[in-house]
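Feature annotations, reproduced from TrEMBL:
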{"type": "BINDING", "residues": "B:8, B:9, B:10, B:11, B:12, B:13, B:14, B:15, B:16, B:17, B:18", "note": "ATP binding site"}
{"type": "BINDING", "residues": "B:192, B:202, B:205, B:208", "note": "Zn(2+) binding site"}
């Protein structure tokens, strides 16, 4: 059984991604980050879901993206609400966090060398998304190419790093359908960018709107607890 | 005057690199990391040298590479001593830190978007070095390609990220000669992997041996304070 590392926020996408890695036969380790996100409550969801899905381990790392700022998720900038879900990928909104997936994958790569694991999973999606550049297939391919030149285990031929993005070309509804087949309890997951202190979802940020649309289109009752 | 971000340990190479960035006309910001390195004393050197060279700013970020481990610099593994300096690049020693330069450049990239800066400097060298994979030109080129697909500022055409590695093909002696022309006081810099608590250099790790050889070959008196 091979090890995989799954970037894991405890949201809808990364929870599905972890279930997929397990279904593909990997021993799946979850990797989460406390990066100064205003929705740090997602880390509680991450712990719940990692246990629910039977992750082989769950590492939470502190990363100072809040010190760098430049995003509505880590600095004192309002999270946009009620945007048009069918045009969300036109332009990159202020919820974009500078170089976030690059930083997260880099730390996953460091762990991969030690664990060891040749397989990194990331739940990015370039269909129902906010247009973030580091969610696109060309980014994932470029990161993988770089990773295989960056590390001792790759250069010495012991690991050929693969970055898997199984959700890349799925609509949110399909992500939900596949996850439900694999037994993901989406009621445990957290996607909202701007939750109440109790962890209730706002229902109006990009992440909530995309998630709502996914449940609607999948014809599945939305288990999310909203604040209004 | 354009901004540049210089990865900056306060060692011989990165100090020279910062002086070069300034000489090339950049407003040079220094970026250092507290990453669980046993030689955290290097951060004091970094502060000294950043002030000495007139860095426009100096950011020190905490990064949990010590939690990940896998290196003699961050875990309880002995630092190798007295290795043959002319064969140091054959094989990758235990002082290699998994994905370190990838993680550091990723965080520099995040800062670059916010500062903003299109120019990242890294003092890597593929001649007088320990064979680390993330010090080679092919790694630097692959990181630069990835960076230009990863970030909003690049994708929207406001920044074309360049990763400069001006020391890549210089012997240590030339690095020292160029730095001295630019006024670098190497007595302030720290390179040792295994210093005393007071910050005296061991004189026997790869980093000390390469540094010593550089001063010898440059015909310059070595200003380093050694413990023996």
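Using the three backbone atoms N, Cα and C, a Cβ is placed for every residue, glycine included.
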Using Cα positions only, nearest of the binding-site residues to residue B:208 (Zn(2+) binding site) (B:10, B:12, B:14, B:16, B:18): B:12
Alpha-carbon distance [residue B:205 (Zn(2+) binding site); residue B:14 (ATP binding site)] in Å: 18
Residues within 8 Å of the B:192, B:202, B:205, B:208 Cβ centre (excluding the Zn(2+) site residues themselves): B:79, B:81, B:191, B:193, B:194, B:195, B:201, B:203, B:204, B:206, B:207, B:209
Rounded Cα separation (Å) that holds between residue B:16 (ATP binding site) and residue B:205 (Zn(2+) binding site): 21
Env. residues of ATP site, Cβ within 8 Å of mean position of B:8, B:9, B:10, B:11, B:12, B:13, B:14, B:15, B:16, B:17, B:18 Cβ: B:6, B:49, B:123, B:189
Whole-number Å value for how far residue B:192 (Zn(2+) binding site) lies from residue B:18 (ATP binding site) (Cα to Cα): 19
Residue B:12 (ATP binding site) and residue B:192 (Zn(2+) binding site), Cα-Cα, nearest whole angstrom: 10
From binding-site residues B:8, B:10, B:12, the one whose Cα lies nearest residue B:205 (Zn(2+) binding site): B:12
Other C-beta atoms that fall within 10 angstroms of the C-beta of residue B:16 (ATP binding site): 28
Cα distance (Å, whole number) from residue B:202 (Zn(2+) binding site) to residue B:12 (ATP binding site): 15
Candidates B:10, B:14, B:18, B:192: member of the binding-site residues with the richest Cβ shell (10 Å): B:18
Number of Cβ atoms other than its own within 10 Å, given for residue B:205 (Zn(2+) binding site): 26
Most crowded position, judged by CB atoms within 10 A, among B:12, B:202, B:208 as binding-site residues: B:12
Length of the line joining the Cα atoms of residue B:8 (ATP binding site) and residue B:202 (Zn(2+) binding site), in Å: 21
Between residue B:202 (Zn(2+) binding site) and residue B:10 (ATP binding site), the C-alpha gap once rounded to whole angstrom: 17
